[in-house]
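Asker: Submitted below is the structure of interest, expressed as structure tokens.
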Amino acid sequence: MDLLNTLVDKGLRRETPTRGEALAVLATSDDDLLDVVAAAGKVRRHWFGRRVKLNYLVNLKSGLCPEDCSYCSQRLGSKAGILKYTWLKPDEASKAAAAGLAGGAKRVCLVASGRGPTDRDVDRVSDTIKAIKEQNEGVEVCACLGLLSDGQAERLREAGADAYNHNLNTSESTYGDITTTHTYADRVDTVQKAHAAGLSACSGLIAGMGESDEDLVDVVFSLRELDPDSVPVNFLIPFEGTPLAKEWNLTPQRCLRILAMVRFVCPDVEVRIAGGREVHLRTMQPLALHLANSIFLGDYLTSEGQAGRADLEMIADAGFEVEGADQVTLPEHRTGGGGCGSHGDRGCGSHGDGGCGSHGDGGVCGTAPADAGRAGAGSRGGADGETVRRADEPRTDLVAVRRRGAGTDLAPNA
Ligand code: SF4
């Protein structure tokens, strides 16, 4: 297909595709899906080989947020039965992080619900960053604390943070439909503050909130312009107790097309499959590794992921390898040869993460569904007489509120 040849050529040269080309990727048919994955896979392997970076989320403060992000289980008025707790102490957070690092993660993402941190909050998180770095040499730490005020990014950088996550989430034109308590411009401003302070910027999106193809292309082109080092791609987990509870409109095929489009538009950037991976890609997760070079290990902020061991087995079975602490994630032109943590020739600092970021990420979770295990309309009979679901049916049965790890007495899933 001429389109795919063109996109591969551009991806290898770091040239921006046209909007029309990005839209055409989203419009490809199921018959062409493997060709799309193969083409984007060439770009992925050119910049990142077969490495998969593992990231581990620690939710420092869960729930009780005054903001009204429609997708979020921690929002004002959320009826979701998630864990609610205030700041973990540095040693508690460090213990939680250690589980993820032992499982193979090289980055810890420290997330806190809320509009943004107070200066006292920045002090707390600084202490936590120091505790984690003291106990785990070489670990990358990303903070995700919401909107930053002047000077806060610099203080986090001084405390040892490598990266800062804040997602754009959706297009500027639809942002007001998703959130009313802050603006798209607020979000852009925080990503720019992180850049300016020498932190590696991580900023991504959430797909599946009822947006159009044009919206998806808009937000990904805006991200390309902001030039974060990492782009987490979340797939909405529409869970009970939030305004988007009924937005089940993703299929595994659609998720793969979205990831391919992101890879073509941001070819040399760490593309991370974030929240919703298990719920929406389901058995197609291994194919997505040909597009993204990064995932979260274990659980998300407020929802459960698949077992960490299953993630590791999936990576090995698909012919990929977990990126080691001694391997540099980003291509050399992004790091100045120094890898994550170095701020090379870009003048903006490089390191990336995501996942949280106000806190679109894996944070979105769901409540255990009342109809778990029940096939929806249109299901057909399986060989053993049980029903088989269609790819576009809601999978509320795959959504579970996190009850283990940070903020609980139970061991984390890593
Ligand atoms: S995404 Fe962040 S700011 Fe928005 S409601 Fe959730 S915790 Fe609050």
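Just so you know, glycine gets a Cβ as well, placed from its N, Cα and C.
Because TrEMBL annotations are produced automatically, they should be read as predictions rather than curated entries.
These numbers come from a predicted model, not from an experiment.
Pasting the relevant annotations from TrEMBL:
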BINDING   Cys65, Cys69, Cys72  [4Fe-4S] cluster binding site
BINDING   Cys109, Cys142, Cys202, Arg272  [2Fe-2S] cluster binding site
COMPBIAS  375-384  compositional bias 'Gly residues'
COMPBIAS  386-396  compositional bias 'Basic and acidic residues'
DOMAIN    47-277  domain 'Radical SAM core'
REGION    372-414  region 'Disordered'
Asker: What is the three-state DSSP composition of the compositional bias 'Basic and acidic residues' (386-396), stated as helix, strand and coil residue counts?
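Answerer: Secondary-structure composition of the compositional bias 'Basic and acidic residues' (386-396): 1 helix, 2 strand, 8 coil.
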Asker: Drop a 10 Å sphere on every Cβ of the binding-site residues Cys69, Cys109, Cys202 and tell me which sphere holds the fewest other Cβ atoms.
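Answerer: Least crowded of the binding-site residues Cys69, Cys109, Cys202, by Cβ count within 10 Å, is Cys69.
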Asker: In this structure, which of the binding-site residues Cys65, Cys72, Cys142 has the fewest other Cβ atoms within 10 Å of its Cβ?
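Answerer: If we count Cβ atoms within 10 Å for the binding-site residues Cys65, Cys72, Cys142, the smallest count is at Cys65.
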Asker: Do me a favour and check the Cα-Cα span between Cys69 ([4Fe-4S] cluster binding site) and Cys202 ([2Fe-2S] cluster binding site); whole Å is fine.
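Answerer: Rounded to a whole number, the Cα-Cα distance is 19 Å.
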Asker: Within 10 angstroms of the C-beta of Arg272 ([2Fe-2S] cluster binding site), what count of other C-beta atoms is obtained when all protein chains are considered?
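Answerer: Other Cβ atoms within 10 Å of Arg272 ([2Fe-2S] cluster binding site): 32.
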Asker: When you measure from each Cβ to the nearest atom of ligand 1, which of the binding-site residues Cys65, Cys69, Cys72, Cys142 fall under 6 angstroms?
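Answerer: What lies within reach of ligand 1, judged by Cβ under 6 Å, is Cys65, Cys69, Cys72.
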Asker: On the 0 to 100 pLDDT scale, where does the domain 'Radical SAM core' (47-277) sit on average?
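Answerer: Mean pLDDT for the domain 'Radical SAM core' (47-277): 97.
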